[in-house]
Amino acid sequence: MERIKGLRDLMSQSRTREILTKTTVDHMAIIKKYTSGRQEKNPALRMKWMMAMKYPITADKRIMEMIPERNEQGQTLWSKTNDAGSDRVMVSPLAVTWWNRNGPTTSTIHYPKVYKTYFEKVERLRHGTFGPVHFRNQVKIRRRVDINPGHADLSAKEAQDVIMEVVFPNEVGAKILTSESQLTITKEKKEELQDCKIAPLMVAYMLERELVRKTRFLPVAGGTSSVYIEVLHLTQGTCWEQMYTPGGEVRNDDVDQSLIIAARNIVRRATVSTDPLSSLLEMCHSTQIGGVRMVDILRQNPTEEQAVDICKAAMGLRISSSFSFGGFTFKRTSGSSVKREEEILTGNLQTLKIRVHEGYEEFTMVGRRATAILRKATRRLIQLIVSGRDEQSIAEAIIVAMVFSQDDCMIKAVRGDLNFVNRANQRLNPMHQLLRHFQKDAKVLFQNWGIEPIDNVMGMIGILPDMTPSTEMSLRGVRVSKMGVDEYSSTERVVVSIDRFLRVRDQRGNVLLSPEEVSETQGTEKLTITYSSSMMWEINGSESVLVNTYQWIIRNWETVKIQWSQDPTMLYNKMEFEPFQSLVPKAARGKYSGFVRTLFQQMRDVLGTFDTVQIIKLLPFAAAPPEQSRMQFSSLTVNVRGSGMRILVRGNSPVFNYNKATKRLTVLGKDAGALTEDPDEGTAGVESAVLRGFLILGKEDKRYGPALSINELSNLAKGEKANVLIGQGDVVLVMKRKRDSSILTDSQTATKRLRMAIN
């Protein structure tokens with residue numbers, strides 16, 4: 001106070017004021033400080049000082065022709081004196097006003113196109129709804145979030161090539177645009193930005209915003225999709241939150257959301273297939289999301305979710321080194337352990353063989369609704385600090401941590417037998433057995449864990465076995481914190497391997513992911529997901545399986561027919577018949593298959609009994625492993641629409657109805673396609689590649705005249721040769737057999753020769 005009073009006295013004397021305002025600054029250190037380097041040391045002061053001058057702006061000399069010397073009020077707009085050290089003109093701020101009012105105008109058509117992301121943001125905010133403000137403690141955790149709504153997902157390198165091609169097309173150096181998305185975007189942008197007068201650097205900068213995903217590691221307490229992150233500063237503070245509903249969605253958020261749903265569906269489906277890994281790859285390669293190939297999205301999209309990462313691992317892509325257990329992402333922050341197989345007894349005296357982690361380790365656990373720090377030793381939980389949105393979320397985290405710690409208390413709390421199975425009816429591994437057991441009911445676990453008195457630590461409270469908070473007691477080693485645990489920030493990706501059961505391991509052999517970790521949550525995808533793979537037919541229910549199976553047979557009838565007569569085993573093993581098996585009552589599968597295969601063999605053996613419609617109808621039943629039995633069936637049952645429906649072996653039924661007049665097949669009333677050949681001419685098989693009574697000699701030979709249709713062949717004399725047009729427009733040379741005895745074997749050799757002749 002004394003000093004301030006003294007200074008006030010000093011300032012009241014006029015001499016002091018004069019010294020401070022008039023004296024020149026000639027101390028070398030001060031001059032040096034403010035004049036060395038290009039960096040402005042006091043920008044605010046500099047701006048004030050410059051703007052106080054009459055002509056603070058310099059401009060190119062051409063300005064003298066474009067702007068009058070004085071404005072309407074007679075104020076001078078520019079000075080004739082040159083700027084010291086350059087040949088530019090000194091200009092008044094009034095010149096800027098004049099230029100804005102009277103200067104040349106330009107077309108604004110390109111502005112919404114170039115500044116698209118800004119225009120869209122304004123629209124989203126205009127249509128968004130801001131709700132009430134709530135004051136409460138915010139548990140924020142840092143997460144890697146997308147801060148740039150409405151972008152494509154190109155890599156920085158791909159985007160750079162696109163930008164160069166669009167903005168500077170004549171620059172040296174050939175830019176190779178490879179991906180489909182690159183080519184599409186380049187074409188679209190070139191058309192949009194024709195005759196654009198906006199500075200190329202600005203266009204390039206704005207294009208980058210549109211093409212590349214930008215992520216930041218930010219504290220978030222609510223939604224993490226980019227349309228929420230762009231208003232983060234409006235929706236959450238340290239002790240308040242404002243409700244907000246975005247006024248529009250952006251494609252990048254929709255892609256992320258739909259990718260997760262597609263990946264989960266595919267992993268779930270692959271798990272129950274005979275070869276999960278190859279099935280998963282087949283599905284990823286044949287699926288499209290919003291019209292873009294799923295494999296292209298997986299290569300570019302950095303979304304980290306269990307199912308998505310399993311798909312990436314299968315494609316040989318790198319993924320994050322953290323691992324997943326019980327839906328939480330674990331990252332070891334210190335310590336180390338060795339794994340040892342050990343047999344332990346549960347509270348129910350069941351023996352479990354588990355891989356015990358020996359040693360002290362610390363982990364961070366991050367889930368959607370709760371986070372935690374876990375310190376553990378060999379089969380012992382030392383400390384767990386957990387924070388979450390609500391009681392339920394905190395309980396979930398505690399259960400996962402207790403199971404993961406392999407603590408003796410947890411093992412002893414098991415009541416009843418552990419026999420959980422996965423979708424493919426295989427027993428889960430012991431750790432997941434334990435997890436499922438306690439997720440179903442954790443009462444005994446919490447009751448048996450033990451409680452301890454707690455010290456009063458700022459920001460921490462205890463939690464009792466019934467999950468209520470307490471300031472005196474807590475579950476042994478467990479505390480609830482107000483602060484969240486940050487997500488693992490590194491974007492480092494590691495090389496991983498995947499086995500045929502979709503277990504993903506790092507290079508040290510630690511399991512990072514397995515199908516058990518894939519969430520069962522069902523959602524509705526924002527973008528259309530098109531699964532072309534037969535394995536996904538069942539996603540829309542049993543009816544869709546039935547219709548799709550028969551549609552597939554009809555679409556591929558030409559090749560199916562040849563295989564049916566030549567190589568039935570290969571045909572029966574086709575994966576397209578796999579989904580159908582789930583519709584056939586389990587007890588009947590083998591019997592039906594044996595019956596149908598026998599029937600088909602009789603058709604092959606006895607000339608003239610080839611019945612197209614019947615083969616199509618019964619073929620899917622022959623795919624199951626056959627049981628030898630003498631049983632005959634007049635109808636076969638399939639489970640659709642929640643009950644057993646009959647397919648008649650001979651004749652039509654509501655399930656399978658062939659209309660001879662229109663040659664169209666309807667399955668459960670849905671059109672399944674048309675048969676191109678007339679089933680009545682079964683043995684002739686107008687389009688058939690099986691030419692009975694003829695020998696295929698090889699490729700077309702022009703000396704034998706123009707190609708005949710199969711019908712014209714009957715006019716040939718024995719031993720005569722002719723070119724003939726078969727199935728898919730291929731022409732081959734044939735000879736009519738001299739004797740009829742070997743007709744039966746023709747069909748076998750015909751197809752083999754056909755293949756050779758055509759290829």
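Note that Cβ sites are derived from N, Cα and C of the backbone, with glycine treated the same way.
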Review point. Which stretch, out of 40-43, 68-71, 736-739, is listed as motif 'Nuclear localization signal' by Swiss-Prot?
Key: 736-739
Study note, to complete from the structure: For E627 (site 'Avian adaptation'), the same-chain residues 6+ apart in sequence with C-beta under 8 angstroms from its C-beta are G590, K591, S593, G594
Revision key, fill the gap. For E627 (site 'Avian adaptation'), the three-state DSSP class is coil
